[in-house]
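> Below, the features straight out of TrEMBL:
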- Tyr109: active site (ACT_SITE)
- Asp150: active site, proton donor/acceptor (ACT_SITE)
- His251: active site, proton acceptor (ACT_SITE)
- Asn7, Glu34, Asp150, Asn152, Asp250, His251: Mg(2+) binding site (BINDING)
- 4-251: domain 'Endonuclease/exonuclease/phosphatase' (DOMAIN)
- Asn152: site 'Transition state stabilizer' (SITE)
- Asp221: site 'Important for catalytic activity' (SITE)
- His251: site 'Interaction with DNA substrate' (SITE)
Amino acid sequence: MKIATFNINGIKARLTALTDWLDEAQPDVVLCQEIKSVDEAFPREPFEDRGYNVETHGQKGFNGVAILSKHPLEDVTRGLPGDDSDEQARWIEATVIGEKHACRLCGLYLPNGNPAPGPKYDYKLAWMERLEARARDLLASEMPAMMAGDYNVIPQPEDAARPEAWTEDALFRPETRAAFRRIVNLGFTEAFRARVQAPGHYSFWDYQAGAWERDNGIRIDHLLLTPQAADLMTDCQIDRAVRGRDKPSDHVPVWVDLDL
């Protein structure tokens, strides 16, 4: 089962880019971030016409996450546990039913956190603490599970073309990277790095300053697998070419193949 994460940076602006990629790549499941749409306004028909079940957790103009799945989805929940006052639409999860196994899929859009230090960075770190708590629960369930999305975390210097430019940024600060490591070290496999160790692989290129043309990218879109899911992984890749197309998102899809 081919499962992708893709920050689309606005469903209305990126509808054609997304459907073109779906037709080409034929993923079974896509975890989308930054749909920037309320649930009622999300354009379900183009995806349902392609055989996808659609679940959304939207917010007007900002954030928003969705799951597109060609397989049945069960037990859909919205919102990361741990803070009932948090109104930002950044988390959705569901169980996808494969031919051999079921897998719990969690789609996330982790806060950016800039400027740091400041309230937005405090919110990011607090959100990551809640994420760690949910991660522990997923591991305790001992079922295949994945937390995938735009983490807004550059894990290591080799995940940036110019790491020195990100030293004080919320995506690369030591506290951010340490919080990410704590989650991974609970027992998760970071899917892409389990397959490819070389530097120079990115998932985001800013629209500004010719970042794409100069390959000034960063890798911030990640798929974390529980041991039971990691055992089923057969491939993981970044669809880099999508960034060079007409009216692209600033992110590209990252996908994993699981023998579900």
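Residue numbers in this text run from 1 along the chain shown.
Just so it is clear, glycine is given a Cβ too, placed from its N, Cα and C backbone atoms.
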> Tell me the Cβ contacts of the residue listed as 'active site' under 8 Å, same chain only and six or more apart in sequence, or just say none.
Asn7, Gln33, Glu34, Asn63, Gly64, Val65, Arg90, Trp91, Gly149, Asp150
> May I ask for the distance between Asp250 (Mg(2+) binding site) and Asp221 (site 'Important for catalytic activity'), taken between their Cα atoms and rounded to an integer number of Å?
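Rounded to a whole number, the Cα-Cα distance is 12 Å.
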> Could you state the whole-number distance in Å separating the C-alpha atoms of His251 (active site, proton acceptor) and Asn152 (Mg(2+) binding site)?
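For His251 (active site, proton acceptor) versus Asn152 (Mg(2+) binding site), the Cα atoms are 11 Å apart.
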> If I take the alpha carbons of Asp221 (site 'Important for catalytic activity') and Asn152 (Mg(2+) binding site), what is the distance between them in whole Å?
7
